[in-house]
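First up is the structure itself, then whatever we jot down about it.
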Amino acid sequence: MTTPRFKRILLKLSGEVLMGEGGLAISPEITARVAQEIADVRAKGYELCVVVGGGNIFRGLSAAAKGIERATADYMGMLATVMNALAVQNALEQIGVDTRVQSAIPMSSVCEPFIRRRAERHLEKGRVVIFAAGVGSPFFTTDSGAALRAAEMKCDALFKGTSVDGVYDADPKKVPTATRYETVSYSKVLSDDLKVMDASAIALCRDNNIPIVVFNIREHGNFGAVLSGEGVSTIVQNTGA
Ligand code: UDP
């Protein structure tokens, strides 16, 4: 199985990817490293959309469990994603990559609002477009935001950059015999509740036939390697295991 060649891709970065030692929410060093991975891929001519999560700063569900009203907690979570988006933007611009941040919650002094046609123009001009605030509504996640933007922006694939190298049939930290899938179908991910993205995001990708590539973005050079069909990853798509 070789990775199909893609032209326009959406990279979903979980907030946790930006975390540093000792619970530091946004590590400048790690953010710079992730930015370099993005810059290297951009330099190869790919069109890049990025969706960032906020779990390193604030998660609506956990805050709701501690007594904050769920919708309010989710709005706080969405604001956290804007902070991460600005951190990624800053790191990219410092190494000469042109970027724009578009937020699903308008905040005109901080970034652009999400306007699909404008985002399209940015991509045509070679800018990396970073989408913040998920879908802009509570009770969703940035995984759903990533699937939605990937569909709207007609991305060829959704790359989920995490700190593990793919999707396993069991938790590799607990089960030594756990094996990584090379490829797996959307329906198996849903029926076996495999931890890839939440169910609504998987369903949206399935309905729009967008492959999901799960890979480790913390490993140097891996993003580019996976894109060119090398490197270690799992592809979730229609013809799966
Ligand atoms: N969130 C939301 N709607 C969205 C996207 C995010 O309400 O469309 C909130 C939700 O509370 C979530 C938080 O923002 O917990 C941070 O996003 P997420 O958990 O998806 O971040 P990640 O796990 O990718 O770091």
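Placed from the backbone N, Cα and C atoms, the Cβ positions cover glycine too.
Remember, TrEMBL labels are computer predictions, not curated facts.
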Among Thr162, Thr177 - the residue TrEMBL places in the same ATP site as Lys12, Leu13, Ser14, Gly15, Gly55, Arg59, Tyr168, Asp171: Thr162
Record-annotated UMP site (TrEMBL): member among Asp40, Asp74, Asp156 besides Gly54, Val135, Gly136, Ser137, Pro138, Phe139, Phe140, Thr141, Thr142: Asp74
Listed binding-site residues adjacent to ligand 1, that is, members of Lys12, Ser14, Thr162, Asp171 whose C-beta is under 6 A away: Ser14
Nearest-integer angstrom distance between the alpha carbons (Cα) of Phe139 (UMP binding site) and Asp171 (ATP binding site): 26
Site diameter for ATP, Å, by largest Cα distance between Lys12, Leu13, Ser14, Gly15, Gly55, Arg59, Thr162, Tyr168, Asp171: 25
Sequence-distant neighbours of Gly54 (UMP binding site) in its chain (C-beta under 8 A, six or more apart): Gly15, Gly77, Met78, Leu79, Ala80, Thr81, Met83, Asn84, Thr142
For Asp171 (ATP binding site), the one of Val135, Ser137, Thr141 that lies nearest, given that the binding-site residues are compared by Cα: Thr141
Additional residues around UMP, ordered along the sequence, whose Cβ is within 8 Å of the centroid of Gly54, Asp74, Val135, Gly136, Ser137, Pro138, Phe139, Phe140, Thr141, Thr142: Gly60, Gly77, Met78, Ala133, Gly134, Ser144, Gly145
